[in-house]
Amino acid sequence: MKVKLADKHGFCFGVKRAIKLAESHQGGITLGPLIHNKKEIERLKNDFGVTVEESVENLPRGSEVIIRTHGIPKDDLAKLTQSAEKIIDATCPFVTKPQKICEIMSQEGYQIIIFGDINHPEVQGVMSYSSSEPIVVMSPKELFGAKLKEKVALVSQTTKKIEDFLGVASFLVQRCAEVRIFNTICNATFDNQEAARHLSQEVDIMIIAGGKNSSNTKQLLSICLEHCQDSYLIEDESELDPQWFTNKKTCGVTAGASTPEWIIERVVRTIEGYKG
C-alpha cells in the first residue's frame with residue numbers, strides 16, 4: 001500500500017513546548033490531561049512519573065503542578081498560587097491570546113461571543129476571563145434569539161474551522177452596530193487542516209491519527225470526509241482494519257496536533273504492509 005503523509009501534521013509548537021516542560025519536571029502533576037492524547041499521557045506517566053489530577057481541591061499541598069496546554073479557569077489559577085509549591089505553565093501561547101482578549105474587551109464594555117465547545121477545557125478557561133457572562137456557540141443558529149448588545153467581541157476556540165468561524169462573524173456583523181472580530185484560530189491548526197484538505201482529494205482512503213477526545217483531530221476527520229468518504233479516525237495502529245484498504249491503492253495519513261511522531265510512524269509502517 002502506497003502511503004502519503006500530509007505536509008503538515010502532528011505536534012504543534014504549543015504541544016511540543018508542553019511535552020518538554022513535563023519531561024523536565026519529573027514527578028509533576030498536571031491539572032487535567034496535559035494534551036488530548038491518552039497514549040502520550042501514558043508515556044509521560046511511565047517514563048517521567050508525570051500524573052494527572054482533575055481537581056484543584058484534590059492536589060496535595062506543596063505539589064509541583066503543570067498547567068495543561070488548554071489553560072485553566074482563572075479561579076483555579078488563583079487557588080493554585082495559594083497551594084502549589086511550584087507552578088509550571090504549559091498553557092499554549094495561542095490559548096492565552098483569547099483569554100487576554102476576553103479580559104480586556106469585557107472590561108471595555110463589549111459583550112463576549114466565543115465560537116467553540118462550551119464543554120472543552122480551553123473554552124471553559126477562556127470564559128473565566130470575561131468580566132461579564134459570555135455567549136458560547138458552535139454555529140450561527142445558536143445565536144438566534146440571543147440578546148445581543150450593540151458592541152460585541154468575537155473570539156474562537158483555537159482548533160476550530162475558519163469557515164465556521166466566519167459564519168458566526170457574518171451573522172454578528174449583520175445584526176450588531178459594532179463587532180470586533182479576533183481570529184484566534186491557531187496557525188498550526190489552519191495549516192494542518194489545509195494540508196489534510198488537499199491530501200484527502202488525492203487518495204483513496206484517509207487515516208487520521210489522534211485522540212478521539214481531541215477537538216483539532218475531530219476537525220481533521222470532518223474536513224477529510226468532505227473529500228474522501230473512506231476517512232477514519234484512530235488513536236493508534238491497533239485500531240486499523242485491513243478490510244478498509246481492500247481495492248485501495250493510495251492511503252493518505254494525517255495526525256492531530258497532540259499526536260506524537262512515534263504513533264504516526266507505527267501507523268504508516270502498518271499501512272505500508274497492507275495489500276490493496
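Including glycine, each Cβ sits where the backbone N, Cα and C put it.
Positions annotated as active site, proton donor by Swiss-Prot, on the basis of sequence analysis: Glu122. For Cys12, Cys92, Cys186, the entry in Swiss-Prot reads [4Fe-4S] cluster binding site, with the evidence type sequence analysis. Look at Swiss-Prot and you will find His36, His70, His120, Ser214, Ser215, Asn216, Ser258 tagged as dimethylallyl diphosphate binding site. The (2E)-4-hydroxy-3-methylbut-2-enyl diphosphate binding site annotation in Swiss-Prot covers His36, His70, His120, Thr158, Ser214, Ser215, Asn216, Ser258. Annotation source Swiss-Prot lists isopentenyl diphosphate binding site at His36, His70, His120, Ser214, Ser215, Asn216, Ser258, citing sequence analysis.
Features as recorded by Swiss-Prot, highlighted on the structure.
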residue: Cys12; record: [4Fe-4S] cluster binding site; DSSP class: coil
residue: His70; record: dimethylallyl diphosphate binding site; DSSP class: coil
residue: His120; record: dimethylallyl diphosphate binding site; DSSP class: coil
residue: Thr158; record: (2E)-4-hydroxy-3-methylbut-2-enyl diphosphate binding site; DSSP class: coil
residue: Cys186; record: [4Fe-4S] cluster binding site; DSSP class: coil
residue: Ser214; record: dimethylallyl diphosphate binding site; DSSP class: coil
residue: Ser258; record: dimethylallyl diphosphate binding site; DSSP class: coil
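A distance of 5 Å separates the Cα atom of Thr158 ((2E)-4-hydroxy-3-methylbut-2-enyl diphosphate binding site) from that of Cys186 ([4Fe-4S] cluster binding site). The Cβ of His120 (dimethylallyl diphosphate binding site) lies under 8 Å from the Cβ of His70, Gln157, Ser215, each of these being in the same chain and 6 or more residues away along the sequence. Of all the Cβ atoms in the protein chains shown, 29 others lie within 10 Å of the Cβ of His36 (dimethylallyl diphosphate binding site).
Report note: the (2E)-4-hydroxy-3-methylbut-2-enyl diphosphate site is defined by His36, His70, His120, Thr158, Ser214, Ser215, Asn216, Ser258, and the residues of the same chain whose CB lies within 8 Å of the CB centroid of those residues, excluding them, are Ile35, Thr69, Glu122, Thr159, Thr217, Gly256, Ala257. Note: the Cα of Ser214 (dimethylallyl diphosphate binding site) and the Cα of Glu122 (active site, proton donor) are spaced 11 Å from each other.
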